[in-house]
Structures are given as structure tokens and as C-alpha cells.
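Pulled from TrEMBL, these are the features on record:
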SIGNAL    1-24  signal peptide
DOMAIN    36-270  domain 'Mechanosensitive ion channel MscS porin'
COILED    221-248  coiled coil
TRANSMEM  491-507  transmembrane segment
TRANSMEM  535-560  transmembrane segment
TRANSMEM  572-591  transmembrane segment
TRANSMEM  612-630  transmembrane segment
TRANSMEM  642-660  transmembrane segment
TRANSMEM  681-700  transmembrane segment
TRANSMEM  712-730  transmembrane segment
Amino acid sequence: MFSLRSICAAALFALCLSTFPALAADPPSSDAVQQSLDKIADRKLPDAEQKALQQVLEQTLAFLASKKDSEQKLEALKQQLAQAPKQTSENQRELARLKESKVVPVAQRYGGLDVPQLEQLLSQRSTQQSDLQSELNDANSLAITAQTRPERAQTEISANQTRIQQINAILKSGKDNGKTLSADQRNLLNAELASINALNLLRRQELAGNSQLQDLGDSQHDLLTEKVARQEQEIQDLQTLINDKRRAQSQKTVADLSLEAQKSGGSSLLATESAANLKLSDYLLRGTDRLNELTQQNLKTKQQLDNLTQTDQALSEQINVLSGSLLLSKILYKQKQALPHLELDKGLADEIANIRLYQFDINQQREQMSTPTAYVEKLLATQPPENITPQLRRTLLDLAITRSDLLERLNRELSALLNESITLQLNQKQLTSTAQGLRATLDEQMFWIPSNKPLDLEWFQNIWPRLQKQIATLPWTSSLSELSDGLTQRPLLFLPLLLLIGVLTWRRKALYQKLNRLHADIGHFKRDSQWKTPLALLINVLLAMPVALGLALCGYALQIDARGQNANLGEALLQIALAWLVFYTAYRVLAPSGVAQLHFRWETAQVEFLRGWVRRLGLVVLALVAVVAVAEHQPAALADDVLGIGVVLTCYALMTWLLARLLISSPTHHNASLFRKTVGVVFTALPVALFLAVCFGYYYTALKLSDRLIDTLYLMMIWLMVEATFVRGLSVA
């Protein structure tokens, strides 16, 4: 059966043939146009006409160059399509052969090589890995371009055909905007027609071979992915082999010197010198271990940096090709989830300084040991003559020569360690900068592109099957098990917070009594003061703390556990805890005969109205923050999140109704200033805008803006309390 893409390609091919320009003459040659441009001064035209003519000739050359470029691309495409089936088959066979082949361990293949040879081999493999990554990005681009080619080609060819009809009409009438065409202007239009026709031929050929190109891109992607994975593993194994050989050499040195120390006999001088050599060899072994560790970190950092650089380069092309499509949003979500978690060595700066200091000390010892014979004579000069024997002199000379060699090796090891540390520090800075830039690009693009299809009639018709599917696919059992484990596995870690919650709960009655005493002092000419209101607000915060701390404690425990959905649920609980703290505190402030009524002197009707309003709005915000916290961390699932979309739309609608009711039905709305009314109107319009954004497919954008909306709501509520407290303080003063 014919595929939709094949039918689309055939239709576009017929459309292009049916509208092939019959009025166009042959375009001028580039040489002829260039000669006209070179001799433009000979025409002795006025400046304005000469500049206009120069622009026409330059545009003509640009169209002719575009025509030539399209023709060259067409020839290259034909060659690629001719070789595509064969290349695809070869890629598939090579991939099958790779998967069936047994990987020979690196230690078995290269175990006989010494460290310098292995390091050279590692450098070659790293270069090959970079080339493979570049080829993999090209294959990804080929596959993505093939996936979106029918839609893009249809739009481009349609626009080209419209332009062809416009040019034909101009050529037929011989006039453009009422002005008669000159020969140079006709050449310009003919060159543009030739350029468009060449481009259409290229696009038709791409459409005709699109399935072959997509198969080729997919086969190259699969093959190169396997090659990259194998190459990364070989690089890791090579580095491990190098590290093992380095450590073996250092361990042999330590063992030899330990044996010499045991043979030093009863001579205190020999024992001291042997111990000094053994200490240096121990430093050498520790330096080798640290060098191996830094080399592994450097290798990992370099691979992450290469991957991010390649991803950044591919991302720009994908954005240009897939701008505004749902496919781009899925690619961006996947790439954001694939961003590495950076583990940076924050002590590198101090370590580099210590290495430089120790290397300076080693260099001083090297100067002392530059002449081993002189060093031995200096040692013997401190000994009684009767203790100096030829055997002692020879042994000391051997120890001095060994120490000189140890110092040389240790100096080289420290130089390598210093170089590796500095390289790692630079790579980590570059990695951090690249990751931050890539994350910012992803966040920006994800914010401005649709994350789901618009909520049209089809979406509402399929809402129940999709909702049932979403509920059925939720991992209820595993999520509950992970939730239980996350909350119960670290009880001692949260003991201080549990004790604080217990104390606040135990002293709750005392807090109420203290609050009532503060209320009783308000207006008393002796006992009232400016600090009564802040203290009353603090007590109301403490009354809201037990539930907020309990929710925050559970959220923190789940974030530490981080299994499955626990991290997202933990974030949701933390956001719910903050919302509870803000709204319950506001609810307590608005209690009958409470802070708002007694301290702020707000009207009773206004306080009763606001108390019910805060209770309803608080419930809406609690539901909204829970969904937002979970959904925005799962962007890849937003397109099918029927449950989340339903909740946020309901919350936006209720929030709009509540804010509008505050603006219109509040008992004191007539007394509000113009500024406050304007702020109220703007704030009421925000959930309406978010509601529409979700309906038009910008669910992720709405989630991100919901965070800002809720934070702004918190700030406004806090500001109102601070303002009222300030006014109350001035009145008391």
C-alpha cells in the first residue's frame, strides 16, 4: 500500500510540473551579469539609479549562485540515493556482526605494552571517539530531517509556487508596481525563477527518496551508537590498564625499599636513610593513586564535555529544522533528562597549591642529592671514625642513589599530577559553563514551544479513554512501596524536626493563651506597644508550623530517597508545606477577634469575607502546587497528562473566579485605590491567560508560569501583612 508520504510526494511533484513557468526566458549567465556589474560606472547614471541597478545585479548574481548550489546539491543527493540501499544494508550487516562478535578484553590485547605506548593508544582512541560522535550527530540530523521533510517541503514548495505565479504575472505584463521592466530587471526575475525551479527540483528529489534517506539515517544511528558505546568502554578499560601498571611500578618500588630497610641492620644512620627512602616511596605510591583517580575523573569529564558539545551543536540544527513542532518538544525533553549530573571536585584549587608547595620541597631535596657521593661524605662526617667502614659507605651510596632516583620519579609524578589537576579544573569549568548554557537553551526553547496538542474537539472526545489509560498505567503499587520505604528508612535523621513538631503540638494551648493575652493588651494605654503585632504574627506562624514541618519532613525524606517518583513527590510535599504555612497563617490572622480585626482595625465584614476567601483560595493553591511540582519534572509525559491538565484547568478557573470575586464583591472594594484595582485586574487576568495557554497546547509553559503566579501571590499576601503591621506601628507611636 502507498504510504501517506509517497502520496504527498506524488501530489507535490504533479503540482510543480503543472505550474512550471512557460513565460520565463533563459536566465543570464553569471559572467555576463558580473561584467555588467564591473562596467556599471561606464553607464554614467545618476547615483540613485546606479545604486538601484547595482542592487539588481547583485541580487541576480545571488539567485544564480543559489541555482548553482541547488543543482550541486541535487547531484550529490542523486549519488547518495543511488548508494543508500547498499549503504543501509552494509550498516545493518556490520551492526549485526558487531553484536555477535565477542569483545576481547583490553588487558589481554594490550597487556604487553608499557605505559607510554598505552597512553599513545589511549590518545588515538579518544580522537576516534570524537570522530564517531560527530558522525553520530550527522546521522541524527539525517534521520530528524527525513522525519519532518514532507511537512516542511510542502510548505516551502507551496510558497515557491505562489512566488512563481507572481513572477510570471509580472513578466507577462512587463510591469512591476506600474513601472516598465528594464532588461536587467527581467534578468533578475528570470534568475529568481531559475533559482526557485532548481530548488523545487531538489525538494522533489528529496521527497521521492525520503524513505531511503530515513532508513539510511536510522541504520547509521544504530551502528554508530553501538560503536560509540564500545569505544567508550575500551577507553575506560585502557585507562584502567594504565592505572594498574602505574600502581604496580610504584608498589614494586615500595616493596624493594621496604626490603632494603629491613637489611639496614643495627646502624641508626642506615635505618634513618632507609626510612627516608621508604617515606618517599610511600609518597610516590599515594601520588600514583591520586594521579590515577584524577585521570579517571578527567576522562569522564572530557567525555561529558564532548557529549554536551556535540549535543549543543546538534540542538541548534534541530531547532532550525523542527521549530514549533511537537517532535521538537519531545526531543528537548529527552535531552534535558539526559543532561549529566555534574560531580565537581571542589578541592582542586587547594590541592593544586599543596602540590606546588610539595614540589618546591622535593626540588630542594633534589639539589641536595645532585651529587650522591658528596651527600654520603657529609653524612659520614657526623659519625665516629671507628664506625665508618667500606660496607657502610657502599650501602649509604646505594641508598643515596636510590633516593636521587626516587626524587626524580616523584618530581615527574608531581608534575603529571599538577598538570592533570589543572586540566581537570579547566575541563570542569568548561563543562559547567557548557552544561549551564545548554540547560538555559533547553529551558528557553521548552518554554516557547507547545508541549501538547491544542485541546480541540478531538481531544475532548478521547478524554475518557486517555484518562483510563493514564490511571491504569500509573505504578500505584511500586510508588506506594517506594513512598513507604522513603519515609521509614531514616527515622533518626529527622528526629530533631520530629521533636520540634512534638514541642509545638504540646505547647499549642499555651500559644493560644499567649495570643489571647496579646489581643487583650491591644488598645490599652499602658500595656500596648509596637511589638505586640509582630509577636502575634509570629505565634500564628508557630501555630501553622506543625503541619507544615510534617509535610516538609516527609518531602525531604522522599527527596533523599529519590527512588522512582519519590523525588517528584518530595518536591510536591515541600511546595504543599509552604502553601499551607502561608495560607493557614493568613487564615489564623483573619480569625474572629484576631490580628486583622484587633491589631489592624480591619472592618468585621471585610475580615469575614477575606477569611472565607483565603480558605477557598488556599485549597485551590494546594491542589495546583501539587500538580505543578510533579508535572513540570516529567515534561516527556505532558502530552498524555489528561489528569494533570484537568486539575490545572479547574484550578485556573476557580482562581479566576475567586480573584474576580475579591475584586468585585469585597465589602471594601469601593474604597480601594486605582493602583490596587489595576493590580487586581492584572492579577485576575493571569490565570485566564494560563488557562488559554494550556488550551492552545502550551501546558509546560503554563506550569512554569504557575510557579511565578503562586510565588507572586505569596509575596502579595506577605506584603499586605507587613504593610498593615507598619501602619499599626505608626499609629501606636
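Glycine is treated like the rest: Cβ placed from N, Cα and C.
Ranked by number of Cβ pairs under 8 Å to the transmembrane segment (612-630), the listed stretches 491-507, 535-560, 572-591, 681-700, 712-730 are led by 572-591. Each of 491-507, 535-560, 572-591, 642-660, 681-700 was scored by its Cβ pairs under 8 Å to the transmembrane segment (712-730), and the highest score goes to 572-591. Residues 91-92, 94-95, 98-99, 103, 105-107, 110-111, 114-115, 118-119, 121-122, 125-126, 128-129, 132-133, 135-136, 139-140, 143, 285, 288-289, 291-292, 295-296, 299, 303 of the same chain lie 6 or more positions beyond the ends of the coiled coil (221-248) yet place their CB under 8 Å from a CB of it. Among residues of the same chain six or more beyond the transmembrane segment (535-560), those with a C-beta under 8 A of the stretch's C-beta atoms are 483, 486-487, 490, 493-494, 497-498, 500-501, 504-505, 508, 511-512, 514-515, 518-519, 566-567, 569-574, 576-578, 580-581, 584-585, 588-589, 595, 599, 721, 725.
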